[in-house]
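As given in TrEMBL:
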type: TRANSMEM; residues: B:277-306; note: transmembrane segment
type: DOMAIN; residues: B:285-406; note: domain 'ABC3 transporter permease C-terminal'
type: TRANSMEM; residues: B:327-356; note: transmembrane segment
type: TRANSMEM; residues: B:376-396; note: transmembrane segment
type: TRANSMEM; residues: B:427-448; note: transmembrane segment
type: TRANSMEM; residues: B:460-482; note: transmembrane segment
type: TRANSMEM; residues: B:519-538; note: transmembrane segment
type: TRANSMEM; residues: B:720-749; note: transmembrane segment
type: DOMAIN; residues: B:728-845; note: domain 'ABC3 transporter permease C-terminal'
type: TRANSMEM; residues: B:770-795; note: transmembrane segment
type: TRANSMEM; residues: B:815-835; note: transmembrane segment
Amino acid sequence: MHTSPRPADPTAVDAAAPASRARALTKVYGTGAAAVRALDAVDVDFASGAFTAIMGPSGSGKSTLMHLLAGLDDATSGTVHLGTTEITSLGDDALTRLRRDRIGFVFQSFNLLPMLTAEQNVLLPLDLAGRAPDRAWLDTLVATLGLQARMTHRPSELSGGQQQRVAIARALIAQPEVVFADEPTGNLDSRSGAEVLSFLRRSVRELGRTVIMVTHDPTAAAYADRVLLLADGRIAGDIADPSPESVLAGLEGLRVLEAPAGTPTGATPVVDVTAGGRR
Amino acid sequence: MLRLTLAQMRRSLGRLVAAGIAILLGSAFVTATLTAGDVITRGGYDAMTAAYGTADLIVPPADAPVSEVLATARAVPGVTAADPLLMGWGTFESGRRAVNETLVSAPSTPSLGSLEVVEGRVPTSATEVALPPASAERLGVGVGDTLQARWYVWPEEPVEQATAEAADEDAEAGDAAPADDDVQELTGDVVLVGLVEDPNNAWSRYGGAGLATVEAITLWSGATDPDDFGSSNVLVEVDGDVETVRAALTQELAGADVLTRDEAAARAVEQWGGGNVIVMVVLGFAAVAMLVAALVIANTFQVIVAQRTRMLALLRCVGARRGQLRTAVLLEAGILGVVSGVAGVVTGLALAQGALSVLSRTQDGVPLPTTVTPTFGNVLVPVLVAVLVTVGAALVPARAATRVSPVAALRPADAPSVRARPGRVRLVLSLLLTVGGFVALAGGVALARAGIAVDAMLPLAIGVLGGGTSFVGLLVGSPLWVPKVVSALGRPVAALSTSARLAAANTLRNPRRTSATSTALVIGVTLVVMMSTGAVSAQQSLATEFDERGPVDLLVLGTPGEALDAAGRDGVATLDGVETVAVSSVADVETADGRATEVLVLDAADAGVLRDDTAAEALADGRSVVPRWWSGDVVRMELQAADTAVLDVLARGGDRALLTPQAAQSLGIDEAPSALLVRLTPGADARTVLGDVRDVVGDDSVRVESAAAERQSDEQIIDVVLAIVIGLLGVAVMIALIGVANTLSLSVIERRRESATLRAVGLSRRGLRWMLATEGMLIAGVGALIGAVLGLVYGWAGAATVFGPVSEVRLSVPWVQLGGVLLVALVAGFVASVLPARAAARTPPVAALGVD
């Protein structure tokens, strides 16, 4: 059943087609005077086999960007591609199939189904697709995430960190092209958060997945290969190989940008920023 | 607190509306029942009033004999006329046709009469009668024609005197028929002197009435003197001031009651009370509906409280006392109860009005008011009941509200749930009631089977008590065992698909709510299935009885010794619905001590025509079958016809003897083909066949009887009663199904994030809808299945208790009703899921990301 498009081989990270791509992506909430431009003509590419963090202050549009990239919400204008598929024009059924087969999600509040065991939760996307689980891949995931002893437990019997690891396994089980993580450490203590983040990084480095994570925590963002900064619905910065310090500095820069002093937008980035994500 | 309650109610409007509909249905049911009771009572009142004509005063039956009261009354100044109001029955024959007619004493003055003479005149002698036009038409007679009156005199009465008295007044009367010890049958000629109509429907509940003189009614009722006839009102017409005459009359009659027409009618209705019994029974069904509604309400409020946990905690944080929270919940229930109760009353009145409008248009001659008149009580009672039920059902959830600790406001709100583990008290109570009840039920059945009870009603009383107790026990314990049934049934369902697996798992998440929802359905379904099982078992059990009593479906009986017309014989055989025809002979036979009966001669080869297998076997063994009432339980008896012979016999429950050809020969019975024994094809309409046979035979000297037709009408009565009962219980089932929809929509609201997650990880909208549909069907199906099983057990127990002493009990499964109930439950479970599922499918996957 492995007929759906697979992500490029990890060694082919530099291949031409990015895992996810947005062009002139715009999202407007409300109409007339109450209209809010959550995303303003954003152009961005996410490389395959990379771990990207999207950061920005509240209301910067980072969550909206992720929803649109994942096909969870409709764009006002612009296009989103997942691999070579343009998803902005897809209907609900096609989007559902796309999410099921080609996208994985990790949520802030884990969102495991309480009535299913950990294993059943992990296998849910395959069950929904009517696909037989790839046992070897399941074992790999379970071993990597350290869940061997927990697979028969229900979510209520698991700690927050364990629940989130189960959620990561669920996101990866169908070998999706992209995993979207929405504040995956938001509900976790720092130790569990660190664990979860290293698992996400390992899934990129060792398992060749593509992960796009939204977070407001610079320490979390520092686990990524690249940090994308958003402000006012636009790309405001792009940090490669970030460290907590460089991320913090980038955020400081945004605060400067936001300052009412009338500083020309994007004119004096504190860190090396490639505006618009173009390389 | 009121403002807060109202604000909260607005937020939970959708949930409350669903619960409100359950209460609305219940109170509409109560209102419609009470209103119908009123209509029945008022109809009775109007009929009573009409029966008194325009009499000014009425003297109800008193200690003094009627003749004395009459004499006294007539002597009082101001009284212009006084008549007894006698009611009796008469049988009149003309040729082969006969009618039974209710007879009312002819008034001495038109103002005291309730019937209107449309042709001819009022009867004035004991040999005259006036009948309704319909009866006259049935008899094929007109005014001036002579009829035969037939009546019976019981030996306790001085028979000779009665005949003599009749002979005094009626030269032609007193043609005494040959009598046995019991009853003397008398006939006499009467002249139809008038046709009467009943313009005010005074007697329509008796199917109309005719007029006869007091003497005639007394005579035909087997009495000798109007004073012996029993209680009778005396109607009085007054000239002048009614009150003065009333006072004088009261005095003259030594303090007896003297009533006005309205007072008398009111009193009669009170004593009569026939409508009230029906109303009480129907109110019983309404109570079941209310009970189910209470379960739905309790469920709803539990969820509402659970969902408001945070808000309640917040209120506690800012200083609300426990009592205030409880009050708020109860206040909310009270408001819901009042609003739905009032809406229910309006609905109920509208239903009653609609039914009245339809009935008054289709039913001529039934006295019905054209509009319902809501009385204070009929409006107030349903609303009160609605409020009580709603508030009562909310008591437990209200207690749960007070248990919310202020700290809960500070915790992150996770999926709220009412965590109330079924307690040990519940387990013990449930076990006691269930086991005790079933033991009593079994005891009742055993008593009935053994037939050793002192009183025939005792086993039934024990059985009903035991059945009721065990059912209550099962309901009390339902949170303990229903989830297990759901889980067991969910397992095979889960294997169907992922949606089904999720649905099965979902039903187990809140076992208490699932079981409460199923239980609401269990109540109605149990009762429906119980009634159906009882009815089918009754039909089956009575079938054996019927087979023995009337072993031949249809009989054509000619004159003994004379062959039936051959054309008619062949004609019967070719009719639709006739399976086999056996040619037989009919004859009269006596026992040695002079008891007579009619016998049929039947060759064992033709015994297949009999319904009664035991009788057929006896004939094949060369024994004749004779009625038990005639022979006792002997195996050999001496019989006389043309000759005398001693026969081997089998005593059975039928009315006629069946003789073997050998026995018939030894008795010297003429073997001319004077009778036909007919077996009908299964499913043939016995009454139609009976009519057809009559047409084919078409001879006045030939009698056609059909045991099958009698049996059919008995069975139809059972069917009709069953249909009515199921219809009444249907309301309870409907309320329970609203409960299913309610539970599902609550689940949908609670699981918003979960639905979104499922959508995000790839469950299609259709898959989500199917998940909820499966959940709905599973909950409803479990309820229906449990109800079906319980209903079967109770129905069987009931049939065994009621019919145990009468006949062999056949436990039957009402497959049609069972299948129907299960199908309705599944379809309804599906339908109940449609709206909640639409709401769930509309949940955008983005909602999974939100922190609510």
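The backbone N, Cα and C atoms fix where each Cβ goes, and this holds for glycine too.
By the count of Cβ pairs under 8 Å, the stretch nearest in packing to the transmembrane segment (B:519-538) among B:327-356, B:460-482, B:720-749 is B:720-749. Residues 441, 467, 471, 474, 482, 485-486, 489-490, 493, 496-497, 499-500, 502-504, 506-507, 514, 517-534, 537, 736-737, 740-741, 743-744, 747-748, 758, 763, 813-814, 818, 821-822, 824-826, 828-830, 832-834, 836-837, 840 of the same chain lie 6+ residues outside the transmembrane segment (B:770-795) yet bring a C-beta within less than 8 angstroms of a C-beta in it.
The DSSP breakdown of the domain 'ABC3 transporter permease C-terminal' (B:728-845) into helical (H, G, I), extended (E, B) and coil residues amounts to 100 helix, 0 strand, 18 coil. On the 0 to 100 pLDDT scale, the domain 'ABC3 transporter permease C-terminal' (B:728-845) averages 84 in this prediction. With DSSP classes pooled into helix, strand and coil, the tally for the domain 'ABC3 transporter permease C-terminal' (B:285-406) is 101 helix, 0 strand, 21 coil.
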